[in-house]
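J.: Before I ask anything, here is the structure I am working with.
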Amino acid sequence: MDFSKGHGTENDFVVLPDPDVRIDLSAPRVAALCDRRRGLGADGILRVAKAGALAGAGVLAELPDGTSEDDWFMDYRNADGSIAEMCGNGVRVFAHYLRAAGLESRDEFVVGSRAGGKPVIVHSADGAFGEVTVDMGVVRDLGTSAATIDGKVFNGIGIDVGNPHLACVDAHLTAASLSALDLTAAPGFDPGFFPHGVNVEILTRIDSGAVDMRVHERGVGETRSCGTGTVAAATAALRFDGADSGEVNVRIPGGQVTVAVSGGRATLRGPSVLVASGTLDDGWWNGLA
């Protein structure tokens with residue numbers, strides 16, 4: 001079984017081309033493959049197949065809005081094997097992979113996701129490095145809530161970017177004090193507000209057009225970056241300053257991306273890196289069933 005390994009600002013993924021939808025992505029198999037000791041190690045898996053093929057195989061009950069049967073679809077799985085609606089960094093890596101693998105020749109096309117079709121612009125893409133902008137679509141305000149870390153309460157805004165986020169701006173945080181926070185355990189949150197769990201972002205307020213952010217992703221843990229999380233963070237940071245639109249550079253442990261928010265919609269621009277490709281041993285994979 002062929003694979004590629006890539007990352008978007010060090011949020012890393014195993015890419016599995018599966019045009020005929022023959023790979024059984026059971027939760028135990030996904031978890032083993034993403035385990036950094038048992039398997040290849042990754043924050044998630046990106047299965048590459050056409051949306052129509054996934055629907056025909058029963059992986060998708062129906063085509064999400066804005067997605068046609070002929071669109072390439074990012075079937076995304078978290079590291080624990082759970083299915084996720086959307087991953088902004090994953091879309092960038094996915095689009096880069098399509099170009100690098102010769103599966104897509106256009107600079108602008110739609111990547112299907114469970115959160116709907118995501119138009120992308122591939123600014124550059126070679127065998128290793130790419131730069132991609134993703135139209136992340138509508139950013140929806142869910143209302144105010146709070147996260148708790150080591151007994152400290154961080155007030156924030158619930159934001160839907162195709163998946164749920166709780167973005168907490170703390171005016172007293174600096175880059176140094178942010179890096180000192182313990183995110184090894186999942187932050188506390190209101191399960192009544194977020195019944196399906198939530199991705200939690202803690203960030204500084206905007207300074208010179210930029211914020212610093214850390215994220216704890218549901219089903220994964222703390223990651224070096226989270227694309228949808230950077231969109232939620234930028235939106236929350238702008239609203240913290242009384243603005244509904246603007247461009248924010250979001251610095252995460254894995255690098256930097258640029259988020260533009262306007263008219264209730266957002267775009268995400270950032271790098272993608274493809275670092276390796278190879279073949280998984282069939283005996284190992286089949287032994288996980």
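Each residue, glycine too, has its Cβ placed from N, Cα and C.
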J.: The substrate site in Swiss-Prot includes Asn11, Gly88, Asn89, Asn163, Asn199, Glu217, Arg218, Gly227, Thr228. Which of Asn78, Asn155 is also listed there?
T.: Asn78
J.: Cβ within 8 Å of the substrate site centroid (Asn11, Asn78, Gly88, Asn89, Asn163, Asn199, Glu217, Arg218, Gly227, Thr228 excluded): which residues?
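T.: So the extra residues in range turn out to be Ala84, Met86, Cys87, Gly90, Val215, Val220, Thr223, Cys226, Gly229.
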J.: What three-state secondary structure does DSSP assign to Gly88 (substrate binding site)?
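T.: DSSP assigns Gly88 (substrate binding site) to helix.
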J.: Could you list the residues of the same chain, at least six apart in sequence, whose Cβ is under 8 A from the Cβ of Asn11 (substrate binding site)?
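T.: Long-range Cβ contacts: Asp43, Cys87, Asn89, Gly90, Thr223, Arg224, Ser225, Cys226, Gly227, Gly254.
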